[in-house]
Amino acid sequence: MAYPFQLGLQDATSPIMEELTNFHDHTLMIVFLISTLVLYIISLMLTTKLTHTSTMDAQEVETIWTILPAVILILIALPSLRILYMMDEINNPVLTVKTMGHQWYWSYEYTDYEDLNFDSYMIPTSDLKPGELRLLEVDNRVVLPMELPIRMLISSEDVLHSWAVPSLGLKTDAIPGRLNQATVTSNRPGLFYGQCSEICGSNHSFMPIVLEMVPLKYFENWSASMI
């Protein structure tokens, strides 16, 4: 999860987030090289005597500054499109969970079970136990099996919301009347925190999301106790 004064991304917990982190580093390196080149040219202009001030045509230079940006954009677009299609793929999910956004809480329904559904509200600061996180803890966590593909169906009962868990590389809009889907796959067990990421009213800041990723055996025991 995030911590104060953090400069980088959260630790990747899913294959998609690992891909997004690598793409971020790839793009940032390209930006760094371009920025270095531009600063070098500016420093030359400021520290050396200008020459060729009367040049009216430079076909070679124009060719370079047309082709080079196109190549750079292709180097950015290709891995971006690859990740985009990976995020849309859902192959044989073992579980489907329907998520509904409300003002201002989330409700969850495990569609593979008959009566496994609940609402998830933020725990007020006054009710927190020692060690719990302010504005991030909920009364009912979403318990899911780790290392297995899970399909999340996301919508809203009222206004626009956005269901986001940064460490899993997830951010999907919850739109009234529309059903969006996302894939959740966690590489390790643990608690993973997120929040509503679309301004949805006065209590927008009080819609946390907590995923508890556990081994399959523990998930089966939990689901049996909830039914």
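Cβ coordinates are placed from backbone N, Cα and C, and glycine is handled just like the others.
Checking the candidates His102, His161 against Swiss-Prot: the one annotated together with Cys196, Cys200, Met207 at the Cu cation A1 site is His161. By the criterion of other Cβ atoms within 10 Å of the residue's own Cβ, the least surrounded of the binding-site residues His161, His204 is His204. The Cu cation A2 site is defined by Cys196, Glu198, Cys200, His204, and by the 8 Å test on Cβ atoms against their centroid, the other residues of the chain that qualify are Gly101, Trp104, Val159, Leu160, His161, Ser162, Ser197, Ile199, Gly201, Met207. On the 0 to 100 pLDDT scale, the topological domain 'Mitochondrial matrix' (46-59) averages 74 in the predicted structure.
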